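Each remark here refers to the structure printed beneath this line.
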Amino acid sequence: MQNTNTLNWINKLIYLSISIPIFFLILVTTYPNSVEAYPVFAQQAYKSPREATGRIVCANCHLAKKTVDIEVPQAVLPNTVFEAVVKIPYDMQLKQVLANGKKGNLNVAAVLILPEGFELAPPDRISPDIKEKIGNLSFQSYSPDQKNILVVGPVPGKKYSEITFPILSPDPSINKQTNFLKYPIYVGGNRGRGQIYLDGSKSNNTIYSSSAEGQVVKIIRKEKGGYEIFIDTIDGRKITDIIPPGPEIIVSEGEFVKVDQPLTNNPNVGGFGQANTEIVLQNPLRMEGLILFFISVILAQVFLVLKKKQFEKVQIAEMNF
């Protein structure tokens, strides 16, 4: 009976020696030290690309909603270079309406909002592997005093539907404004041209609607593209709606239209999306402590196994005796 109890006690020790480090690993990698814890055009009109509501301002001009994804490491050490990969997916076969009304390939652009202290990695710190992924992309800060906000584009979408940002993490021992914490990262990405200009006027990449209720009496296709639609309103006025090159009309002469009724199709095939993720700025001292802890656990397990074998030998000797 005593031998059985001793064996049970040894088995429990071995179980604890395995389960404790696993729990400790989850705790260290999940939580930081403390629980406290568009692009180019947007620069001209907005001090910050992210509104208080969390909405990224690029959505003010790019009205259609699309998806965007971001991939970053779960945790990084201070003063290290890592990749932030922004994915802007779309159908590569699509063609968009260009400013002259003709069809062309889509461009993409992105804005990456990093935590304070994180910034674009200097060229001499970027590895050849990351440089190859970057290609000929040129990144810039949103403003001279906002180095943690990076913008890129517009660039050809067929080549850069995945954009790799080389990021340098801060060192809290040097930058006292940063801490070993879990931080949020925000990203916005668009494909294709916008529907609204900064001054509020429409581009030719959107729907054009009737400005009055009445009858379409005449439609003229202009020599350089676009249309003039003449409408006799119900109150006797005569108005002309101008359609720029690009959208195609969906009304015909003699048709009655209401106010804000679409006169054209929607030529837009692009759109804007935003996403967010988190990253932990990990304290290297914690990692060193974790390694030492694992070494001590492994040694403890070895000693437990040796002790168990020694006990079994004694038990066999007693049985033979």
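Cβ atoms here come from the backbone N, Cα and C positions, even for glycine.
Small disclaimer: the values here were computed from a predicted structure and weren't measured.
Record features (Swiss-Prot):
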type     : residues           : note
BINDING  : Y38, C58, C61, H62 : heme binding site
SIGNAL   : 1-35               : signal peptide
TRANSMEM : 287-307            : transmembrane segment
Binding-site residues (C58, C61), the one with most neighbouring Cβ atoms at 10 Å: C58
H62 (heme binding site): tally of other CB atoms within 10 A of its CB: 26
C58 (heme binding site) - helix vs strand vs coil (DSSP): helix
